[in-house]
Amino acid sequence: MKKVFGMNLRSTTLLWLAIVFVSIAGDGVNYENAFAGGLVQQNAFLYHMGWLAPDNKTAAVPGQYAQLIGPIANLGQLAGGLIAGKYNDRFGRKQTLLMGCLITIVGNAILIGSPNPPALLVGRILMGASAGFLNNGVAMYASEVARPATRGLANNVQFLFGQAITVIASGVNLAISYLPVDVNWGWRLATAVIFIPMVTMAISIWLVCPESPRWLIMQHRFDDALEVLTQMRSDEGPTAAVMLEYEEMKAAVLYEQEHNETSYINFVKNRGAVKRTLIAMSSSLWWIFNG
């Protein structure tokens, strides 16, 4: 058992608390992504940026910025994802998640202030980069700490939270659309909502979530890995089932390290990995094709 705030958490409780905490942290990005699409159509925001016509009736993002606001966040996510992959392996899953939370907080603060269009674009880049860190970290952490039989469910937790947070973001956008055009606090307050899950989850991840046992094995911290795995699997110490999972995990990690199967170059050479990636990419493309 692990002691948190003076309480001994049972293994199952600790496991699912960790998965829920990291999933909610990742869903902060989902809120921003869903909210940002509506924000750039809010008259109050457009008025603040100087993009509302004098008659206060016609508003539109100028062409050069309309073409950048969406794609530039995607470029930030691409860069963030590539960096996060290496960051994840070097500094650990927890540090990757915490860095994602920090980048989200900074990027969102810039969006709230955004005194001019360039600052808005910088904020969007940072929010994209934070998505790269959090999407990378959440999926990997959930997969590595979950029991083999519940890995699918563990990864779906973030998806379920993400859909809920998207609905909330749409509702917030609708609510602030009724505010007067010269009222800035509405869209700023709605944008600041993301601070709640980010700060709360960053503290929770730091205090509650143990490091991934798989990453600890990658660092050859074998005793720490066994301790964490035991905390998340058994209330009775390292049972035979825990030891079996630990030995299998250890053997797999050491094999990958020995044969250098964790590099980007090896990924490109691995036909199976490329095939799985293309399948994942195609599923996203179908969402676009069907409108």
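Every residue gets a Cβ built from N, Cα and C, even glycine.
Note that TrEMBL annotation is computational and uncurated.
Some features that TrEMBL has for this protein:
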- 1-291: domain 'Major facilitator superfamily (MFS) profile' (DOMAIN)
- 1-26: signal peptide (SIGNAL)
- 96-113: transmembrane segment (TRANSMEM)
- 119-138: transmembrane segment (TRANSMEM)
- 159-179: transmembrane segment (TRANSMEM)
- 185-209: transmembrane segment (TRANSMEM)
Field: Candidates 96-113, 119-138, 159-179; stretch with most C-beta pairs under 8 Å toward the transmembrane segment (185-209)
entry: 96-113
Statement: Same-chain residues at least 6 beyond the ends of the transmembrane segment (119-138) with CB under 8 Å of its CB atoms are 22-23, 25-26, 28-29, 32-33, 36, 49, 65, 68-69, 72-85, 87-88, 93, 96-97, 99-101, 103-104, 106-111, 113, 158
